[in-house]
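Report on one structure; see the data block that follows.
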């Protein structure tokens, strides 16, 4: 849904200004969903009703979309890359299974075998993508710094942001005795700020490049998470408020920059491929991030508070690496542009 919806946005808003506004609203509503779902779920009498309402809402959106949206198609056509999707999906399952089993010991044979299987399946995926006529991912895009920044941004967001903040409410419920509804309202500060910032981030267009905005989002997430260090051990939810504010602002910048970068990093005809790569890596990172966070928290050996601090430090470190990587890709892109300009000027001078 994430990849197809962004592809439809590019088709519906062909101008750069239109895409800027549309992707900003798209990213803001991602934040809105994250903000609203815990509160609404906590207010419902049972977990089964959550899935009933989600299913009904999905059917309603599908019915409306089929009537009001114009279908967009790739000019290249072709069949779905089912072998590539199967290989990548199996590699992801093997990786998540290895991270999950690693909580009981990283040196056990099943963990190692699953990691090896994941690497082998990723290798198979690359071979398939090189040979099929219409690959799931055009590997030539990996030579594009903007595409690399977009894909890396999605992966690191899943690993560092979603992975940690998906598990923190459970930590607070166990350590501070907070109810699910209380933790939902507390984390509404983080997700609600993310929604507001994502809506307003379009005002940065023209002044702050998208990749710089993405790097700033990672840096603010890291700063906010480092501010949260020691909060669980302090035993007070008030101690978490400053960190949630800073991290929420960072998350809003991320949710605004990621969809815009996804569609900017590829030709318009391949917008769904660009967004599909980013969204896939984002959710792969989320799955791996949650498993990694749980493994760190439960495997540290110093108790829940100490394990949570270690997980926060890892999340901050990953976010900093993401910021450096995105800025590095920006530097490579600028150097390549400068080199092409010099080559063009030299060619004109000789003529």
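Using N, Cα and C of the backbone, Cβ positions are placed for all residues, glycine too.
Just so it is clear, the model here is predicted, and its values are computed rather than measured.
Positions annotated as domain 'Major facilitator superfamily (MFS) profile' by TrEMBL: 1-334.
What TrEMBL lists as transmembrane segment is 20-43 (among others).
Under the heading transmembrane segment, TrEMBL lists 49-70 (among others).
Residues of the same chain lying 6 or more positions beyond the ends of the transmembrane segment (82-101) and with a Cβ under 8 Å from any Cβ of it are 108, 110-111, 114-115, 117-119, 121-122, 124-125, 128-129, 132, 135-137, 280, 284, 287-288, 291-292, 294-295. The transmembrane segment feature in TrEMBL is assigned to 82-101 (among others).
The feature transmembrane segment is assigned by TrEMBL to 107-127 (among others).
Within its own chain, the transmembrane segment (147-172) has Cβ neighbours under 8 Å at 38, 141, 178, 180, 183-184, 186-187, 190, 211, 214, 218, 221-222, 225, 232, 237, 247, 251, 254, 257-258, 261-262, 264-266, 274, 277-294, 297, 304, 308, 311-312, 315-316, 318-319, 321-322, 325-326, 329-330, counting only residues six or more beyond its boundaries. What TrEMBL records for 147-172 (among others) is transmembrane segment.
Marked as transmembrane segment by TrEMBL: 184-202 (among others).
Under the heading transmembrane segment, TrEMBL lists 214-234 (among others). When Cβ-Cβ distances below 8 Å are used as the criterion, the transmembrane segment (214-234) is approached by residues 149, 153, 156, 160-161, 164, 171-172, 175-176, 208, 240, 242-254, 257-258, 261, 304-306, 308-309, 312-313, 315-317, 319-320, 322-324, 326-327, 330 of the same chain, each at least six residues removed from its ends.
Annotation source TrEMBL lists transmembrane segment at 240-262 (among others). With a threshold of 8 Å between CB atoms, the same-chain residues lying at least 6 positions outside the transmembrane segment (240-262) that come near it are 6, 9, 19-20, 23-24, 26-28, 30-31, 146, 149-150, 153-154, 157, 161, 165, 186-187, 189-199, 201-202, 210-211, 213-214, 216-228, 231, 271, 274-275, 277-279, 282.
Tertiary neighbourhood of the transmembrane segment (283-304): same-chain residues 92, 95-96, 99-100, 102-103, 154-164, 166-167, 171, 174-175, 232, 310-311, 314-315, selected by CB-CB distance under 8 Å and a gap of 6+ residues from either end. Positions annotated as transmembrane segment by TrEMBL: 283-304 (among others).
Look at TrEMBL and you will find 310-333 (among others) tagged as transmembrane segment.
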Same-chain residues near the transmembrane segment (184-202), Cβ under 8 Å, at least 6 residues beyond its ends: 20-21, 24-25, 27-32, 34-35, 38-39, 41-42, 165, 168-169, 172, 178, 213, 237, 240-241, 244-245, 247-249, 251-253, 255-257
Within the predicted model, mean pLDDT of the domain 'Major facilitator superfamily (MFS) profile' (1-334): 86
